[in-house]
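Student: Below you'll find the structure I mean.
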Amino acid sequence: MHTKTLSELSRMLDSGETSSEELTRETLDRIKAQDSRYNSFITLAEEQAMASARQADEQRASGKASALTGVPFAHKDIFCTRDLRTTCGSRMLDNFVPPYNSTVAEKLDEAGAVCVGKTNMDEFAMGSSNETSYYGPVTNPWGDKLVPGGSSGGSAAAVAARLVAGATATDTGGSIRQPAALCGLTGLKPTYGRISRYGMIAFASSLDQAGTLTRTAEDSALMLNAMAGFDPRDSTCMDRAVPDYTEGLNNDIKGLRIGLPTEFFSDDLDPVMAQQVREAIREYERLGATVTEISLPHSHLAVPAYYVIAPAECSANLSRFDGVRYGHRCENPQDLNDLYLRSRSEGFGEEVKRRILVGTYALSAGFFDAYYLKAQKVRRLIQQDFIQAFEKVDVIMGPTSPSPAFAQGDKTDDPVNMYLEDVFTISTNLAGLPAMSIPGGMVNNLPIGLQIIGNYFDEGRLLNAAHQFQKVTDWHEKAPEGAV
Amino acid sequence: MQWETVIGLEVHVQLATQSKIFSGASTNYGAEPNTQACAIDLAMPGMLPVLNEGAVRMAVKFGLAVNADIAHRSVFDRKNYFYADLPKGYQISQMYYPIVGRGEVSINLPDNSTRPVGIHHAHMEEDAGKSLHEDFHGQTGIDLNRAGTPLLEIVSEPDMRSAEQAAAYLRKIHSIVTYLGISDGDMSQGSMRCDCNVSVRPVGQEEFGTRTEIKNVNSFRFVEKAINTEAERQIELIEDGGTVEQETRLYDADRNETRSMRTKEFANDYRYFPDPDLLPVEIDDDYINDVRGELPELPDEKQARFTRDYGLSEADAAPLVQNQAQADYFETVAKASGDPRQAANWIMGELARLMNQNDITIDQCPVSAESLATLMGRIQDGTISTKIAKQVFEALWNGEGTTDEIIENQGLKQVSDSGEIESLVDQVLSENPEMVEDYLGEEVAKKQKKKFNALVGQVMKASQGKANPAQVNDILQSKLSKN
Amino acid sequence: MSISKEQIEQVAYLARIQISDAEKSALESKLSSILDMVDELQAADTDGITPMAHPLDATQRLRPDEVTEPNEREKFQKLAPEAENGLYLVPRVVE
């Protein structure tokens, strides 16, 4: 059953072919048997999962089920889950069991989906390779020494390894799309404000957005249906109706106007990657879409702007971890400063500390205008590029990442090189736009991602375009050895 | 050299909302520690702020009351610093785009003059929790009930030139916020707190001297004392050839001195930036007009009406309107007694004296406005004299009965029977022949009047104060002129 | 733009992050390389551009002034490293 998609499992539960209890049991057993290879889970929720499964079966029996009722899935360990440890990949929260649910957890609960555990991630979602987790690196199911991408690397590896059919994830600069690309999955980062951030541990508040990692666009639509929507507890969550995202999946995409940004296909891009991506786009042309070249002239400034704004916001967001009310506290603090200094230095890993320092520096007196304000202005220029582009095209396509999965340890000593992993994904976070990465081909026997960027709140169109592609290609069906 | 003190105040007013500025926890004062600190106030991971409309409304109300510009768009910023009572490691405040812009208040000085003081701006922010320094095995206890209570920080221009003016300004802000009902203004509970920016300069010099900020001065009296002592310190320092350092100081009321707060290893750098969890607050004209419609009559308007409608002098009206309850009390007494001026005298005289003595406010005053009016009526109808009335008033205060019961039970009714008074006069004249001699022999009119009054006093004394003074006068006069 | 050891010390103190002397040099070069990359921003022409703090052009929603949160002290203080008599404990703060 582990090779089935969410939609297939949903149909099987509906027809009575299997029960949630059976499915959940099998899922947990498989994770326990196989995850030592991937390290994709931090915490398993065995008891809670079995209880939810039994409840889901009752719900199914009484005919009050939604599509996801009884379907096992995993949460990225950034979403607070009531009475279930939530670490955010950090020693700081190693013992943190929240007494509350994030809205995303609440909504998936209400939909009857069965959370089997919490997935590994880069510490506080800071990283592009899942090597910054306190719980150790995650291994990409596509290769023993390969990174799964990050920061949602645990969720991506778990889905790619067919441990679960779907997982929640978050994306601040590419943390859903880049792992999706590197693991051969469908990753969706919705519009900023589409899904509530309440109870989702903040990295950079104006960039963070929850989303999904699944194998197919259809599954993304199912999960988005359950996760999206207004939440009065998040001031930045938009009060906008949620359409049924599965409804438009089968729309004809004839006439879809695709824009290819010149800047995404520069000479810097590996020609093999470029060729694969262009090949995928030709598939769209065969489906009746039209392709035009466009320009996003400020693209090259996205990474620099991001590495001011995200660290600045994170430097404040992570101040609450002070060893006083929860989380790691150092032994025998001598005074208040000692408590702060040691608790935080012991609790946070290197990359997190580095970003806090960069952010603190960018906001400090004398640098605020040159860094923070400048980056905010550049952010607007980047947004304006997109707004102008969307006057002429419906979606923008390009590569998700510069290369397929790379080896563990390859980029850990060079933060800037690591940051460039997100060179194609970061600009949409800055603009707040929705984007997907779908399996778009193979390079060196490794999956690569095709990125599709949409206009604000145009997730339906993205999912439609992705689904139509997946109907005529089988890249999304390719599985790593050992997973099937 | 002649020195001038320049003062600006930052007044923090706790807004009287039911719930916190960014969470739905209660703001009630005095609850068990941390029972009113919800996940948001505790800065639990993943928690997000949502702005309380009540706090916005109150801030706008204040802005309108001081004729300030209300910002159609204001923005919340994060002020970053670490402290045990600041759970998020930043305070949500408004640094760059505050909700209330430039305004002005008029302060009332003891010589009955007024003086304008500019409001630079007022912004919304959240309060911090409290550190309890009692010993918990050598540790400090943190109570976060207060964390997230809405504050309005009202920042004045450096328009004040004496500690007295600063106190008058603080009283005016207190009047305004309590009139508006946006704060209880209770300084003893910290509902209103004040930081004083103080500098000195030689009289005639244009530019300001270097200022120091005295933190958390929490009573009207201490504001005056702290400013005076700090100004003296600065003057002495400069005259001794030193220079004032821009720094934050604390006022020690026991020693009546200010002292520098411990200098940190590195200077504080608050790294303000817009809070990405909150969006710009937009306020349209409809909202502003709606709030405007809720404004009560404010102290200045009330003072003008009291002088106009009740014929009070500015000097009498100004202290009366300082707080709403007192002004209401006055109006009830004035209307019921038909004698506004006497009503004002009673309130600012006897009533104020006893309230001061007992350290209570007018809401806690045991003599109701209606009783005071009845008492005044007994003076008007001649039942008692003004002097006896004060005695009755004290008895009323002490809960010895109603006005009439007290007059009756204590036999305080004024004697207006002319026969009775005549015999008292006769008695005094026969017992004090030398005083009578003295009076008759005096040729200077003024001195003679004084000697006459001494005799009146003897009669009043003989009547135990109950004789009608006017009648005593008349009868004594006629008796003496017969001699 | 490079960052000096002194600046790192000051920023680390502001952020309450302890850095050992051994870590300092490596950090200095890593932070400097990040700041060099970030400095590409300076070349951008941003005259007349309004800073963008937020991706969506929306305004703050206001919550009615109502008490909605019950007392959950016991639940929260179970998470606390040290709490007593309902108070969170920290090393003695000298004022």
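Using N, Cα and C of the backbone, Cβ positions are placed for all residues, glycine too.
Sharing the record's features from TrEMBL:
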- A:1-24: region 'Disordered' (REGION)
- A:22-463: domain 'Amidase' (DOMAIN)
- A:K76: active site, charge relay system (ACT_SITE)
- A:S151: active site, charge relay system (ACT_SITE)
- A:S175: active site, acyl-ester intermediate (ACT_SITE)
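Structural setting of the listed features?
Tutor: Within the same chain, residues 30, 49-50, 52-54, 56-57, 60, 65, 67-73, 114, 116, 162-163, 165-166, 214-216, 218-219, 222-223, 479, 484 sit at least 6 positions outside the region 'Disordered' (A:1-24) and bring their C-beta atoms closer than 8 Å to a C-beta of that stretch.
DSSP assigns A:K76 (active site, charge relay system) to a strand in the three-state reduction. Counted within 10 Å of its Cβ, the other Cβ atoms near A:K76 (active site, charge relay system) come to 33, all protein chains included.
When secondary structure is read from DSSP and collapsed to three states, A:S151 (active site, charge relay system) falls in the coil class. Taking all protein chains in view, 35 other C-beta atoms sit within 10 angstroms of the C-beta of A:S151 (active site, charge relay system).
On its own chain, A:S175 (active site, acyl-ester intermediate) has A:D122, A:A125, A:S128, A:G150, A:S151, A:S152, A:A169 as residues at least 6 apart in sequence with a Cβ closer than 8 Å to its own Cβ.
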Student: Please report the DSSP secondary structure of A:S175 (active site, acyl-ester intermediate), reduced to three states.
Tutor: coil
Student: Let me know the model's mean pLDDT on the domain 'Amidase' (A:22-463).
Tutor: 97
Student: When the region 'Disordered' (A:1-24) is classified with DSSP, how many of its residues are helical, how many are strand and how many are coil?
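Tutor: Once the DSSP states are binned, the region 'Disordered' (A:1-24) shows 15 helix, 0 strand, 9 coil.
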